[in-house]
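Here is the structure we will look at, set down as structure tokens.
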Amino acid sequence: MEKECMEEGLANTKRPLLPAETNFISSDKPNDGSSLTPVLFLSAIVALSGNFCFGFAAGYTSTAEFEMMEDLGMSIAAYSFFGSILTIGAAIGAILSGKIADFVGRKRTMWLSQIFFIMGWLGIASATSVWGINIGRLSIGFAVGLIAYVVPVYIAEITPKNIRGRLVVTLQLMNCSGLLIVFFLGNFFSWRTLSLLAIIPCLMQVVGLVFIPESPRWLASIGKEMEFEDALRQLRGADAGVSEEATEIRDATEIFQRGDAGFQGLFQKKYAYPLMIGVGLMLLQQLGGNSVFAAYLSTVFAKANVSTTIGPTAIAFLQMPAAVLGVILMDAFGRRALLMVSSVASCLCLSTMGLAFYLQEHDYAKEFTPVLVFLGVLGFSYAFAVGMSGIPWVIMSEIFPINVKASAGSLVTLVNWSSSWLVTYAFNFMLEWSSPGTFFFFASISALAFLFTWIMVPETKGRSLEDIHATLITYVY
């Protein structure tokens with residue numbers, strides 16, 4: 001019965017995902033609302049500023065590492081725990097993120113995240129002991145867990161399909177911006193001052209959220225019809241015809257909400273395919289070593305005899321063009337192709353780093369180790385930024401219908417941060433065990449990411465969210 005209802009309600013939207021098609025909705029006015037309007041641009045920038053805070057927090061441990069360890073008398077194990085506790089907080093935030101975003105809305109969830117960011121940074125700045133900085137870092141992690149879910153979901157829900165991927169993947173550009181700023185400022189300020197400076201972008205998002213609309217799809221899901229249409233008109237522009245898009249969103253929301261919602265409902269057979277995609281991509285993203293380059297880049301460079309002052313700042317600066325390139329290519333080449341290119345390039349760069357450390361350990365042309373490691377990190381940063389960094393979040397924001405989006409989003413975000421904690425905590429111990437083995441392991445994960453994308457991941461470029469949901473949830477029948 002449920003399947004028949006779904007087929008009847010969404011018969012016109014069921015088309016193959018591979019290859020993707022462009023499905024433009026006709027409008028009742030000349031402007032079809034598919035352009036980047038001022039309100040849409042402002043809304044995206046304000047939401048994405050949360051990922052700037054995310055990037056700043058991720059890179060903070062790399063910048064503060066040596067000074068903080070000396071000031072507080074921390075061991076490698078203690079600092080590894082401090083670095084990884086952000087991911088523990090993020091995992092807790094991930095568990096609650098979907099429910100919070102569904103209960104209070106996307107905007108209020110972003111506000112809540114900034115409260116925890118600010119409390120965390122203040123806690124670190126004023127801490128006099130290891131447990132104090134750990135509590136502060138845990139609070140920041142909780143904020144990151146909320147941001148990691150709600151920002152891509154909000155962007156996907158407010159954006160027309162023809163530019164949706166480009167705007168969602170801009171979160172990686174904002175992450176890189178946060179990394180660049182924290183690495184740069186870390187050359188001039190102490191770790192306590194740096195934590196106070198981190199509050200400035202948090203306050204900027206708090207103010208910006210006052211001026212942007214709530215997600216129309218969330219408003220439709222809770223039955224606020226007037227607010228829903230008003231938000232959609234603001235985002236699409238005064239001259240845009242929104243009646244057909246509003247009808248499509250309203251009808252799809254009604255149909256999907258007839259199904260079983262909640263965590264138990266998520267594990268029905270019809271949701272197996274999107275769930276495998278979301279969980280698989282998040283696991284491969286983190287097990288490929290991305291988190292360690294943000295958290296412990298100084299450690300990697302010190303191991304390879306690269307400057308720990310110039311090296312991280314140079315990498316963060318040079319990473320920016322890659323993030324810009326990813327934004328440009330997203331809606332031109334699609335998600336699937338960029339994921340596969342990113343995975344292959346990441347595998348090659350990580351293998352180069354493994355080879356460099358192998359030469360160093362065996363005294364074979366070890367004078368080339370610093371150059372090879374620097375080029376390997378730079379190449380990996382470019383490769384990862386173009387695909388595997390942002391695209392899993394794009395796809396996560398696209399593939400789950402409104403009735404299970406909270407549960408599914410929380411689950412895949414929890415998987416992401418749990419695996420990130422595992423890698424971040426274990427990295428220093430892995431590096432002591434075998435430097436080449438560590439990077440060859442990460443390279444093998446990137447190779448698996450290529451195979452997984454090739455076999456499992458569909459193309460979603462150019463499709464409305466309602467179209468994607470209708471296809472994916474009936475895929476297994």
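A Cβ is built for glycine as well, from the same backbone N, Cα and C atoms used for every other residue.
TrEMBL does not curate its annotations; it predicts them automatically.
Given the structure is predicted, the values throughout are model-derived calculations rather than measurements.
According to TrEMBL, the feature domain 'Major facilitator superfamily (MFS) profile' maps to 43-461.
Listed as Cβ neighbours of the transmembrane segment (39-60) (distance under 8 Å, sequence separation of 6 or more from its ends, same chain) are residues 86, 110, 113-114, 117, 140-141, 143-144, 147-148, 150-151, 154-155, 158-159, 167, 170-179, 181-183, 191, 194-195, 198, 201-202, 204-205, 208-209, 211-213, 234-237, 291, 294-295, 297, 312, 316. According to TrEMBL, the transmembrane segment annotation covers 39-60 (among others).
What TrEMBL lists as transmembrane segment is 72-97 (among others).
Long-range contacts of the transmembrane segment (109-132) within its own chain (CB-CB distance under 8 A, at least 6 residues past either end) are made by residues 47, 50, 53, 57, 72, 74, 78, 82, 93, 97, 100-101, 138-144, 146-147, 150-151, 154, 191-193, 195-196, 198-199, 202-203, 205-206, 209. If you look up TrEMBL, you'll see 109-132 (among others) marked as transmembrane segment.
Per TrEMBL, the feature transmembrane segment maps to 138-155 (among others).
The transmembrane segment annotation in TrEMBL covers 167-188 (among others). Only residues 6 or more beyond the boundaries of the transmembrane segment (167-188), in the same chain, are considered here, and those with a CB under 8 A from a CB of the stretch are 44, 48-60, 62-64, 151-152, 155-156, 159, 194, 197-198, 201, 294, 309, 312-313, 315-317, 319-320, 322-324, 326-327, 330, 385, 389-391, 393-394, 397.
Positions annotated as transmembrane segment by TrEMBL: 194-212 (among others).
The transmembrane segment annotation in TrEMBL covers 271-297 (among others).
As annotated by TrEMBL, transmembrane segment applies to 309-330 (among others).
Per TrEMBL, the feature transmembrane segment maps to 337-359 (among others).
As annotated by TrEMBL, transmembrane segment applies to 371-396 (among others).
Only residues 6 or more beyond the boundaries of the transmembrane segment (408-427), in the same chain, are considered here, and those with a CB under 8 A from a CB of the stretch are 80-81, 83-84, 86-88, 90-91, 93-99, 101, 141, 144-145, 148-149, 153, 263, 266, 271, 274-275, 278-279, 281-283, 285-287, 289, 291-292, 295-296, 392, 396-397, 400, 438. Sequence annotations record features per position, and here TrEMBL assigns transmembrane segment to 408-427 (among others).
Under the heading transmembrane segment, TrEMBL lists 439-457 (among others).
Segment contact holds for the transmembrane segment (271-297) and the transmembrane segment (439-457), given three or more CB pairs below 8 angstroms at sequence separation of 6 or more. Here the transmembrane segment (194-212) has long-range neighbours at 39, 42-43, 45-47, 49-50, 52-53, 56-57, 60, 63-64, 107, 110-111, 114, 117-118, 121-122, 124-125, 136, 178, 182, 185-186, meaning same-chain residues at least 6 beyond its ends whose C-beta is under 8 angstroms from one of its own.
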